[in-house]
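Listed in Swiss-Prot:
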{"type": "ACT_SITE", "residues": "Y73", "note": "active site"}
{"type": "ACT_SITE", "residues": "H112", "note": "active site"}
{"type": "BINDING", "residues": "Y31, M75", "note": "substrate binding site"}
{"type": "BINDING", "residues": "L77, G78, C79, L80, A81, P82, Y83, R84, R85, L86, G87, I88, G89, T90", "note": "acetyl-CoA binding site"}
{"type": "BINDING", "residues": "79-90, 117-126", "note": "CoA binding site"}
{"type": "DOMAIN", "residues": "6-155", "note": "domain 'N-acetyltransferase'"}
{"type": "REGION", "residues": "138-141", "note": "region 'Substrate'"}
Amino acid sequence: MKGSRIELGDVTPHNIKQLKRLNQVIFPVSYNDKFYKDVLEVGELAKLAYFNDIAVGAVCCRVDHSQNQKRLYIMTLGCLAPYRRLGIGTKMLNHVLNICEKDGTFDNIYLHVQISNESAIDFYRKFGFEIIETKKNYYKRIEPADAHVLQKNLKISSPGQNADVQKSEN
């Protein structure tokens, strides 16, 4: 049997419906039309993941200038349940990390994860992400509503820089 192929492809107006469908199945939250309109504008920061030519997952990010930093925000990164633990999430996250590395100007990369999603938390921790805070009632209409903010620092900060970021251990 031939080895399985995992490939990443661009999100385009022709396949945006596939992305919508994947997100509806994978995530307990729904995304509005503006989300999908914005995704079409971010180029390499949004990718569909294919397993043997079947769209099974996606990653969508955006550049965020907050806290006087240039940050990459992972809006969504997910894969259909039957295709998990095959390296698809790793391929998507590595794609995003490589973009940040090549760019060289990002301070950090961050995302929100539902506090009950232990497999996602473990996944991101393997890549050097840390829980930096927990936001109460972050999600609407899903339980638990709280979200961890996971962050991976990309720049070696000089002493004193980022001293205002509170680390919370959970």
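In case you wondered, yes, glycine gets a Cβ from its N, Cα and C as well.
Where Swiss-Prot records a feature, it is marked here on the structure.
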residue	record	CB count, 10 Å
Y31	substrate binding site	17
L77	acetyl-CoA binding site	24
A81	acetyl-CoA binding site	10
P82	CoA binding site	9
Y83	acetyl-CoA binding site	18
G87	acetyl-CoA binding site	15
I88	CoA binding site	25
H112	active site	18
A120	CoA binding site	18
K126	CoA binding site	9
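Maximum C-alpha to C-alpha distance over the listed acetyl-CoA-binding residues L77, G78, C79, L80, A81, P82, Y83, R84, R85, L86, G87, I88, G89, T90 is 16 Å. Long-range contacts of the region 'Substrate' (138-141) within its own chain (CB-CB distance under 8 A, at least 6 residues past either end) are made by residues 28-29, 112, 114, 147. All protein chains included, R85 (acetyl-CoA binding site) registers 12 other Cβ atoms within 10 Å of its own Cβ. Under DSSP, the residues of the domain 'N-acetyltransferase' (6-155) split into helix, strand and coil as follows: 49 helix, 55 strand, 46 coil. Cα separation, Y31 (substrate binding site) to Y83 (acetyl-CoA binding site), rounded: 22 Å. For the recorded positions Y73, F123, the ranking by surrounding Cβ atoms (within 10 Å, all protein chains) places F123 first. On the 0 to 100 pLDDT scale, the region 'Substrate' (138-141) averages 92 in the predicted structure.
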